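Okay, so here's the structure we're looking at.
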Amino acid sequence: MDVEGRASKGKPLTLNLEQGQEKGTQNDDYGLASAHSIDRDSWQQVGLMLVTSFNCGWILSFSNLCLWPLGWTWGIICLIVVGFYTAYANWLLAAFHFIDDRRFIRYRDLMGYVYGKSMYHLTWVFQFLTLLLGNMGFILLGGKALKAINSEFSDSSLRLQYYIVITGAAYFFYSFFFPTISAMRNWLGASALLTFTYIIFLLIVLVKDGKSNSNRDYDISGSEVSKIFNAFGAISAVIVTNTSGLLPEIQSTLRKPAVKNMRKALYLQYTVGVLFYYGVTVIGYWAYGTMVSAYLPENLSGPKWINVLINAIVFLQSIVSQHMFVAPIHEALDTKFLEIDKPMHSGENLKRLFLLRAFFFTGNTFVAAAFPFMSDFVNFLGSFSLVPLTFMFPSMVFIKVKGRTARIEKKAWHWFNIVFSFLLTIATTISAVRLIVNNIQKYHFFADA
């Protein structure tokens, strides 16, 4: 099926959903060059990866970040509307994996081909900023989980920074031995088992605590100005719960037909996956109300072994799930510095891979230790960069590729998406910066938060 659009230099662009997928899919097809695998994974594998990765330990912050600032009515409305909106945006973006018989395995390549070099660089900045901040958030998450385990057995816990370093080291070793998304396949079953185990135990304790807590308060406190800013921060957090900003990179690993298979994997995420991370978000807020913590295990009544088990599983599961969210950065570094015509773990490549991973995680671990403000990372990455990556850019591609033949109501809808997401980016970014400024005033560098 071909659909013509209007290119920036007057040349027509052609969207190929079927023809492009019948051609070869090795790393040198369409002029592609990548040190990572292309066209290898099943949609079931990718779908399971999405379900487990989006149900990582970050969901333990979402009751506080998503519902506490909005309350029940607006909170539930926001969860539903943003959930459907992000699902639609990703479903749309999946269709642009092939244009003019070219396969786009990177988001920045897609935007650069359609809109030119400036959009290539802008997409690169937005995406890598999102992934870097997200990985720092994962390192903080793992550090908090380890510190929580230690606090159950000792009154003199080490500073958070020690646990952050341990987490960074664990992430480094995993990414070194399993450097690509496709290499995660042997760990996804164990990750899924760990994911569902900790969520089930967590839900049991939440329901128990909720039934015994008769003094729950759901009133939204603060001035009208702070309520508005906090509401935009909550919208950013809901966006983070549902999307990653790296769909083309994930889609590149799928076997043909890549568009259909990507959409099947998305269906799995937005049915099975959303059931669990929304479930934890809603039940956590129901159990504790406005007293819900930014790290849900801090509210749990026990017993001790459940607290230890949940935090231990959160740490172990995060080692696997964080890898998906940072894979495009690894791919860019590996493709640039490794000899891609040779096996990744052979000869000189092994040394280079070790240095690349060590350099990346040393830097990210240091920054995470210096700025241990977990919720700020979530809000900021969901505002400045993830909003345009998720909502604005797919509609921009639609206008350029399919603008000539699309019906007027479709073009109007996508122009609305572009303008609305632009305004939402401004509002949520202001809210996130305000939150960061407030926390900088409250905390100091290398704080034992």
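Placed from the backbone N, Cα and C atoms, the Cβ positions cover glycine too.
Caution: TrEMBL annotation is automatic and unverified by curators.
Taken from TrEMBL as is:
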- 40-431: domain 'Amino acid transporter transmembrane' (DOMAIN)
- 46-65: transmembrane segment (TRANSMEM)
- 71-99: transmembrane segment (TRANSMEM)
- 120-140: transmembrane segment (TRANSMEM)
- 160-180: transmembrane segment (TRANSMEM)
- 187-208: transmembrane segment (TRANSMEM)
- 228-247: transmembrane segment (TRANSMEM)
- 267-288: transmembrane segment (TRANSMEM)
- 308-333: transmembrane segment (TRANSMEM)
- 354-374: transmembrane segment (TRANSMEM)
- 380-401: transmembrane segment (TRANSMEM)
- 413-437: transmembrane segment (TRANSMEM)
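Away from its own ends, the transmembrane segment (413-437) comes close to residues 89, 229-230, 232-233, 235-236, 373, 375-376, 379-380, 382-384, 387-388, 390-392, 394-396, 398-399, 406 of its chain (Cβ-Cβ under 8 Å, at least six residues beyond either end). Non-local neighbours of the transmembrane segment (160-180) in the same chain are 36-37, 135, 138-144, 146-147, 150, 187, 315, 318-320, 322-323, 326-327, 330-331, 334, 344, 353-354, 357-358, 361-362, 364-365, 368-369, 372, 446-449; each lies 6+ residues outside the stretch with a CB under 8 Å from one of its CB atoms. In this chain, the transmembrane segment (308-333) lies in contact with the transmembrane segment (46-65); the count of Cβ pairs under 8 Å, excluding pairs fewer than 6 apart in sequence, is at least 3. With a cut-off of 8 Å between Cβ atoms, the residues of this chain six or more beyond the transmembrane segment (354-374) that come close are 61, 132, 135-137, 139-141, 143-144, 160-161, 164-165, 167-169, 171-172, 175-176, 179, 294-295, 329-330, 333-334, 337-338, 436, 439, 443, 445-449. Of the ranges 120-140, 228-247, 267-288, 380-401, the one with the most Cβ pairs under 8 Å to the transmembrane segment (308-333) is 120-140. Long-range contacts of the transmembrane segment (380-401) within the same chain: residues 3, 5-8, 13, 15, 85-86, 89-90, 92-93, 96, 99, 107, 110-111, 114-115, 123, 125-127, 129-130, 133-134, 137, 232-233, 235-240, 243, 245, 410-411, 414-415, 417-418, 420-422, 424-425, 428-429, 431-433, 436, each at least 6 residues beyond the stretch ends and with a Cβ under 8 Å from a Cβ of the stretch.
A Cβ distance under 8 Å defines the sequence-distant neighbours of the transmembrane segment (187-208), meaning residues of its chain 6+ beyond its ends; these are 45, 48-49, 51-52, 55-56, 60, 178, 276, 279-280, 283-284, 286-287, 296-297, 300-302, 306, 309-310, 313-314, 316-317, 320-321. Long-range contacts of the transmembrane segment (120-140) within the same chain: residues 56, 58, 107-112, 164, 167-168, 171, 245-246, 318, 321-322, 325-326, 328-329, 332, 364-365, 367-368, 371-372, 374, 377-378, 380-381, 384-386, 388-389, 393, each at least 6 residues beyond the stretch ends and with a Cβ under 8 Å from a Cβ of the stretch.
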